[in-house]
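Engineer: Next up is a structure, given as structure tokens.
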Amino acid sequence: MRAVDFLRRATVCWYMRIYLASNNAHKHAEFSSLFPMHTILLPKDEGIDFFSPEDGSTFFANARQKADALYDVVHAPVFADDSGLCVDALDGDPGVHSARFGAQHGVHTDTARMQLLLERMHGRQDRACSFVCVAVLKLGSVPLCVGRGVCRGVLTTEMSGVEGFGYDPIFLLPHLGRTFAQLSIEEKNRVSHRALAALRLAQVLAMMQLPRALRYELKLLRGARRMTRGGVLRPGAPCAQRKGQTAQTARRHKFYARARRCARRIHRA
């Protein structure tokens, strides 16, 4: 199953407001598309001045650093991720330093970073590379949920496309014949490293919520017995035809039906 299809079917069934430890509007759009059942918030939208130095030696260290920093401020669920482009011929560079690549040479824009990277790769035959993403979800007292995604591709010789951000215009997907920057956000979310990392998070969350779903099932069974006792509710009959049904019972019945649907989605996942 494709990552985005799983996320739309089996993402957490219980709605959450989740902060994204970033002020990148492009990244916010991708996470919002990947987790449509939740509201993804940027710190700046809530008037929060957020900054994390990202000085870790691994993608996970940087993602965890950002998640911890924002959680200490908002005390609410937080998404954080760190990603980068790893070029085989450069021994994995720029890697965790992708966002700051060339800073020592006065390079501070995405376009300048791509130009510098293409210059370093000039004349090289091996242009294989990978986009790597490590995403974490911090929920507070429970351990961090962690997902890792890797997307293999080839480095182009020139920039192509206007979508996306970062190194997207020079990252070519051979099986599609297009760069990330030539894909729509929906197409990118089917194959990208960030979508794969989000898929892992969704799977972990589904397993975490399974006990809650089972508790719902037990509650449903008890409620079904109460609601059908003495023939007050006839299974399968429309709500308006249920004999002796009060407004409170009708609300309870709708709640049980909704909970059953949520539980079944978790089980199918």
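Each Cβ is built from the backbone N, Cα and C atoms, and glycine gets one as well.
Taken from TrEMBL, the feature active site, proton acceptor applies to Asp82. The substrate binding site annotation in TrEMBL covers Ser22, Asn23, Asn24, Ala25, His26, Lys27, Ser83, Phe165, Gly166, Tyr167, Asp168, Lys188, His193, Arg194. Feature annotation from TrEMBL assigns Mg(2+) binding site to Asp82.
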Engineer: When a 10 Å sphere is centred on the Cβ of the residue listed as 'active site, proton acceptor', how many other Cβ atoms does it contain?
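Structural biologist: The answer is 27.
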Engineer: If you pair up every Cα among Ser22, Asn23, Asn24, Ala25, His26, Lys27, Ser83, Phe165, Gly166, Tyr167, Asp168, Lys188, His193, Arg194, the residues annotated as binding substrate, what's the maximum separation in angstrom, rounded to an integer?
Structural biologist: 20
Engineer: In the three-state scheme derived from DSSP, which category covers His193 (substrate binding site)?
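Structural biologist: Note: His193 (substrate binding site) is helical by DSSP.
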Engineer: Just how many other Cβ atoms lie inside 10 Å of the Cβ on Asn24 (substrate binding site)?
Structural biologist: 14
Engineer: Using a 10 angstroms cut-off on Cβ to Cβ distances, just flag whichever of Ser22, Ser83 is the loneliest among these binding-site residues.
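Structural biologist: Counting other Cβ atoms within 10 Å of each of the binding-site residues Ser22, Ser83 gives the minimum at Ser22.
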Engineer: Would you count the other C-beta atoms found within 10 angstroms of the C-beta of His26 (substrate binding site) for me?
Structural biologist: 13
Engineer: Do any residues at least six apart in sequence from His193 (substrate binding site), in the same chain, have a Cβ closer than 8 Å to its Cβ, and if so which, in order?
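Structural biologist: Long-range Cβ contacts: Ser83, Ser130, Phe131, Val132, Cys133, Gly149, Val150, Cys151.
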Engineer: Can you tell me the CA-to-CA distance separating Gly166 (substrate binding site) and Asp82 (active site, proton acceptor), as a whole number of Å?
Structural biologist: 13
Engineer: Roughly how many Å lie between the Cα atoms of Asp82 (active site, proton acceptor) and Ser22 (substrate binding site), rounded to a whole value?
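Structural biologist: Computed Cα spacing between Asp82 (active site, proton acceptor) and Ser22 (substrate binding site) is 10 Å.
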